[in-house]
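TrEMBL lists A:6-283 with the feature domain 'UvrD-like helicase ATP-binding'. TrEMBL lists A:Ala27, A:Gly28, A:Ala29, A:Gly30, A:Ser31, A:Gly32, A:Lys33, A:Thr34 with the feature ATP binding site. Under the heading domain 'UvrD-like helicase C-terminal', TrEMBL lists A:284-560.
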Amino acid sequence: MTDLLASLNEAQREAVAATPGNQLILAGAGSGKTRVLVHRIAWLLQNTDITPHGIMAVTFTNKAAREMRERIEEVLGFPARGMWVGTFHGLAHRLLKAHFKDAKLPESFQILDSDDQLRLIKKLVKQLNIDDERFPAKDIQWWISAQKDEGLRAAHIEAYDPHTQAQLTVYSAYEEACLRGGFVDFGELLLRAHELLRDNQHLLEHYRQRFQYLLVDEFQDTNTIQYAWLRLLAGETGAVTAVGDDDQSIYGWRGAKIENIQQFEQEFSNVRRTKLEQNYRSTGSILTAANAVIENNTDRLGKELRTDSGPGEPLSLYTAFNEQDEAHFVVERIQQWVDNGHRRDSCAILYRSNAQSRVLEEALIRNGVPYRIYGGQRFYDRLEIKNALAYLRLIIGRNDDTALERVINVPTRGIGGKTVDIVRDFARDHGCSMWEAMQQVIQHKLLTARAGNALISFMHLIDQMDEATDDLTLAEMAEQVIEMSGLKDHHMKEKGEKAQARLENLSELVSAAKVYDYDDEEPTSPLRQFLDDAALDAGEQQADEHSDSVQLMTLHSAKGLEFPLVFMVGVEKNLFPHKMSFDEPGRLAEERRLCYVGITRAMEKLYICYAESRRLHGKESFNGPSNFIKEIPSEVIQEVRLRTEITRPTTVASGYASQEAANDLGLKIGQRVFHQKFGEGVLTGVEGSGGNARVQVNFDYEGSKWLVMQYANLRPMDEF
DNA sequence: ACAATATTATCAAGA
DNA sequence: ATAATATTGT
């Protein structure tokens, strides 16, 4: 019994063995938060009459949910059957599945991901004759999601200005379309789960009685509707344990309310508060930097990380010439690290926005360093995967217009925009699905024979696929569909590396289906479960999870992780803090918290990099170092000076010095050279030497440019 | 209807 | 720079 507590420090023990009741655990980065949560649950199970059945634990990601369940079972020594562990979205989905009737949903409702959502909204905007210049579908999508995050339906909103009115019109139409098609988007899952409990007293009573204990991780990132749902479920009897760190609240932009954790003690009765400030992750220097940065924020609950370990190595600051140089520097240091006997997966490169990953990837590939990217485009968001899934969705239900529109002509089969328009209009006018509309349209011969035949053969194809996949396993189904639909041939005919990757992704989908373990207790079919999970799962990546590779991710997706060696790159003005964060007052503080999250990921060594010049979105910019860098005390950070100074050319290098330098590279001034991108040109200057040599080339078509020799990959043109 | 080509929009984070 | 979209020729 007591050995549960033996490995914990004072504060942790206090949190784990607190008398049951409402609890707020303020857990600093690296303070063993998950450990406390796991032990708390185990302790409750061992020392009170609470059973796994009575516990619900909410995590931030599906991955975290899986890990938590595993760790609890490990500590307990037996499976914690009946315990609900998952994300808000996952749990809401489970609830809606179980009570689809009370939730007023069709039994097999379809989860709409943001891509599907956008397509649908675009369609509606067109149908409603709304000016898509003034009201871009993206903006409307964003607005609708924001309303849902606040728990607002179209009927709740009053529009006084034309702008809101337009958005509201779309929202209403969107709600209706979802209702008809049985679609549920991410926000809807939460909203409807809340309404389900609110409007069904018997269900609410049932679940209130069942879940005596509700534990929520990352509480600082809960939004209004999630909080409302939790509050409702807890009632006056359920005990809530909120675990989080106000300093790590970084999802305000998608509706998270930091107030939820700040006011927790006022909102719930008799809250026992524990602060976990002892850090077991990082060196003293890293913590000093983190504490110093976050101190610039106001309205904090107040918390200071401390450690018993020594200061360790100071942080390093590298000023790169440009983003290429930055990437090159990072790769070089990683190679050193690996040469010193470390694993590649012990280091991470963190950036503010996904667009930054490309240059880093290229540098890693060039140097043959294996890497793995987190987040970015989700696996299940890829075009070819979504197409394959759309076919699978049609097998389940012909009335899934979203899926139908997606693949009706992929690969091309003679059903063009005109034909689809006719079907779509018919469907809208008669309030039926497009599949039904197709049948009608064919019967009434509203089309040319050619188009009609194309439609008929498409419908046959789907029916045939349905039949052919009847008794197959999930993986066989996927394989069959990819084959029969012609997707495989379609991508095989494409050329280039991209097509190759697409084919690989499709076979990856089959493998994913192969290893997918569905819950056979559930009434829903394995295929249904698979599709739902695909929509809900962040695709926290299956393949090569265990292979030793460098980890690349955004600062956001780094939350909750730790690495001995961390690089924060692109720490520049306008990029981080991002320039979009300047208008709204709270946003800058959120950026700072993001910086705090980044710094505290590092265990042993942290590099901070920025580039003097950066090419992003096709434009060159000179941003200068981020203000966050200045907030780090100079005692704990050191500038990296490379052994060879780069003298930057202010004028055209003198002919003589240039020729000297050129000799070292085996080049000649005046020589013709070829460049992959810029074509042919004449070498007009050289400067520096070795790895830092830069050359000036006057290109025939592109004009004169300075290039870093190492990356330019110039090929001498033999004179002829 | 399709494929190839020209034009234009987008460019912060994610369940 | 790239991706989505519009236009044009077959």
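One is the number of the first residue shown, and numbering goes on along the chain from there.
Here the Cβ of each residue, glycine as well, is placed from N, Cα and C on the backbone.
Keep in mind that TrEMBL annotations are predicted by a computer and have not been checked by a curator.
Within the same chain, residues at least 6 positions away in sequence whose Cβ sits under 8 Å from that of A:Lys33 (ATP binding site) are A:Ile25, A:Ala27, A:Asp217, A:Val243, A:Asp245, A:Leu276. Other Cβ atoms within 10 Å of the Cβ of A:Gly32 (ATP binding site), summed over all protein chains shown, number 22. All protein chains shown were included, and the count of other CB atoms within 10 Å of the CB of A:Ser31 (ATP binding site) stands at 25. It is A:Gly28 that, of the binding-site residues A:Gly28, A:Gly30, has its Cβ surrounded by the most other Cβ atoms within 10 Å. Look at the binding-site residues A:Ala27, A:Ala29 and count other Cβ atoms within 10 Å of each Cβ; A:Ala29 has the fewest.
Around A:Thr34 (ATP binding site), the same-chain residues at least 6 positions away in sequence with a Cβ under 8 Å from its Cβ are A:Ala64, A:Glu67, A:Met68, A:Arg71, A:Asp217. Within 8 Å of the centroid defined by the CB atoms of A:Ala27, A:Gly28, A:Ala29, A:Gly30, A:Ser31, A:Gly32, A:Lys33, A:Thr34, the record's ATP site, lie the Cβ atoms of A:Val36, A:Asp245, A:Leu276, A:Asn279, A:Tyr280, A:Arg281, excluding the listed residues themselves. Mean pLDDT, taken over the domain 'UvrD-like helicase ATP-binding' (A:6-283), works out to 92 on the 0 to 100 scale.
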